[in-house]
Amino acid sequence: MSRKIVTLSLILLLSLSRLCLQPVFSIISDCDETYNYWEPLNLLVRGFGKQTWEYSPEYSIRSWTFLLPFYGVLHAFQNILPELDAYWNFYITRFLLGLLSLVLEVGLHREISRSMSIPVANIWLFFQLFNPGWFHASVELLPSSVAMLLSIGSIKYALRYLSGGQEKPFVLSMAFTFIAGVLGWPFVFLLGLPLCFHYLATQKLINTIRTAFDAGAVLTLIITTVVGLDSLIYGRFTPVSWNAFWYNVVDADEASGPNIFGTEPWFYYILNLVLNFPLPVLVLAPLGLLHRRIWPLSLSLLAWLAIFTAQPHKEERFLYPVYGFVTLSAAVGYEKLVSLFRGSCCLHKTFQWGTIASVILLATSRIAALVIHYSAPLQVYGELYNYTLNTDKQRNVCTGREWYHFPNSFLLPDHHRLKFVASGFDGLLPGDFPEEGGLLNQIRQIPPGMNKENQFDEGKLWPSNDCDFYVDIFKPIDFFKDDFNPLWMPPDWDKISCQKIIDVDDSKVLGRSFYVPECISKHMQELFPQHWSKIYKAGQTDYCLYGNVTRFKELSQKKGSTVVY
């Protein structure tokens, strides 16, 4: 098969994944994405949403400017197609993120082809395509996800600079890093430091001064634009990136800062990488780090891993910005081994096809596990659009212990609002953006009951008697803390829709993490009756939507039939 056909096939498959599969099937893996980004975007588009303390003008560590490009596109779609249901905003936004990923990945593929070789570029694109972490991260509405995408643009121009030593690609590489750092996540600036060291070490002083001036002008323009827009929206001077850095690093202590949300052992990121990359990619990546020509990129990856491993508070999304560095290193390492095996046709083919097959198998198993085991919240909340109440009165969709699985308010029809009822959770729940006044007034009001210490505020709870719908997992509750018991709902509550979700307590780690088809699992159980069930089990339970009969008499289904309670 010719290299052009391979390249075209990979790009077509990548397009299918980024533009069709991921926007629809990718899960929401972090409630921070829901409450800190989807909910504020819903406010911009529809005028309501849940509000976290980070968006209070008292703290202002989240950027509204980050959301403005998405709001601009969604606002245009609303004007063109006003009859579209609100959930389309969710999928359009994911499509935009997937499109950005696709464009940047194809651009980097071309640069790798030019700077290195077509085989390296193709295997890199293959590793990107079969990348479980990228499958969900590239369509997540998170600054770290956008930083991950922009890092692809930064790597592209970094490779061009390292190939020719010219000023323009260096400045362009830094521009991508600056945008990711100022608009998205300030810690991304760390990734640009090794390239700066390389420029200082290899360029003449006059060139360094001129380039520093150009890069400084770009950075100043980006900072001025972002800080200016955020300050205008918040109604006060608001350097969000600095506020985030101050909260996470300078002002962090035992009472506030990231560590109050939990700490993890040093090997957390090792396990996380195993879940988000096929094992052959992780084995090959260290070999690519030895490639001297791209040492600034290798140093960026190593420095990032070292710094974030040293932090007590760890989250999966903190590694997103270096995902592209990992696959690039793996592609370089793969090509190094292939060149060693070229003298032996048998070894060469075995290694080549063994790597390809194992990457496809592991990546597919992991992606399937995420979609099958964790898609229930998206499906269940989406069912609300199949039922419209014959009134414009506000309807309250309540949840308790499952508050963190709520996807976002774009999946709620008009006049429906998410409410929290009492459960065992004792941290600070999100509140509500005010719905009165203009948009800027909604944003600038200081909400009651907010704090940065994650202290519980009872004002965030809603009376269970005022719920129209309730969403919960079908498992035993804490009778002293939970308002609803899904195992024994009151007689005036009926089950509307249920989907299967992983039962963490009835599953093994391997079963939660990777999907094995039932026919294969049964066969393995027959072959290894004493051992298979000890290492693999994927128990499931129901994730359900309930309706309150006494709150209304009739649910009229959009599909034509009527459900009468």
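Cβ from N, Cα, C; glycine included.
The following features are taken from TrEMBL:
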SIGNAL    1-26  signal peptide
TRANSMEM  86-104  transmembrane segment
TRANSMEM  141-159  transmembrane segment
TRANSMEM  171-200  transmembrane segment
TRANSMEM  266-287  transmembrane segment
TRANSMEM  294-312  transmembrane segment
TRANSMEM  318-341  transmembrane segment
TRANSMEM  353-376  transmembrane segment
Maximum Cβ pairs under 8 Å to the transmembrane segment (141-159) - stretch from the list 86-104, 171-200, 294-312, 318-341:
171-200
Contact call for the transmembrane segment (318-341) against the transmembrane segment (171-200), three or more Cβ pairs under 8 Å:
yes
Outside the transmembrane segment (86-104), six or more residues from its ends: residues with CB under 8 Å to it:
14-15, 18-19, 22-24, 26, 38, 41-42, 45-46, 70, 73-74, 77, 134, 138-141, 145-146, 149-150, 152-153, 156, 382, 385, 407-408, 410-414
In terms of Cβ proximity under 8 Å, which residues at least six beyond the ends of the transmembrane segment (171-200) contact it?
63, 65-66, 143-144, 146-147, 150-151, 153-158, 160-162, 208, 211, 214-215, 218-219, 222-223, 226, 241-242, 244-245, 295-297, 299-300, 303-304, 307, 321-322
